[in-house]
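Read the structure below first, then the notes.
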Ligand code: HEM
């Protein structure tokens, strides 16, 4: 594996990070809105359209995370600064690993949720991911709460991730946030 001698992520890694952050957060807000503020009783067709939008945006994460993991293996991340204790470096790496796992678990549980409820998993209103499970009430009873609880967990993780990045930038004044926004020559 190549090593990363700069303090910066590659441009490709940066674009993947910010693009996926945008898609993931927009998908999260739409899912949260539908799940907690819309009901089928009031205007069922509107809720249906909002859930369809949620799915069409969120399924793209599956494809992007595959590219992202490949890129991460072939282009190592910059080293964390020596000013961070070994314990904090380990905590940061563990946090990032969990975030990657969430990038997989959210769309996977979402697709299983839809399929087991008898609905499709559409991508950008262009095509559907081939259905991998049939209508299945027992599976639905597991993956539905799983998708919801994981979504709350990942919401907290993202808040922690953003607060950590801001703390590094404004309090520790190190290069960590810039490693995701700038290039060596910038
Ligand atoms: C990829 C990232 C995803 C994120 C961050 C995400 C997030 C969320 C959130 C926050 C909720 C609301 C939970 C609650 O009720 O409090 C939700 C609900 C839901 N999600 Fe996802 N989701 C993702 C992917 C998917 C995918 C790929 C599908 C299906 C193809 C899906 C299907 C659903 C469905 C059907 C609901 C229930 C909505 C409702 O009851 O109104 N999700 N999601």
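Cβ coordinates come from backbone N, Cα and C, glycine included.
Listed in TrEMBL:
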| type | residues | note |
| --- | --- | --- |
| DOMAIN | 9-181 | domain 'Cytochrome b561 bacterial/Ni-hydrogenase' |
| TRANSMEM | 12-33 | transmembrane segment |
| TRANSMEM | 53-71 | transmembrane segment |
| TRANSMEM | 92-115 | transmembrane segment |
| TRANSMEM | 146-166 | transmembrane segment |
Near the transmembrane segment (92-115), which same-chain residues lie under 8 Å Cβ to Cβ, leaving out any that are not at least 6 residues past its ends?
20, 24, 55, 58-59, 61-62, 65, 68-69, 80, 84, 121, 129, 131-134, 136, 139-140, 143-144, 146-147, 150-151, 153-154, 157-158, 160-161, 164
Distant-in-sequence neighbours of the transmembrane segment (146-166), which means Cβ under 8 A and at least six residues beyond its ends:
24-25, 28, 31-32, 35, 92, 95, 98-99, 102, 105-106, 109-110, 113, 176-177, 180
What average pLDDT is reported by the model for the domain 'Cytochrome b561 bacterial/Ni-hydrogenase' (9-181)?
97
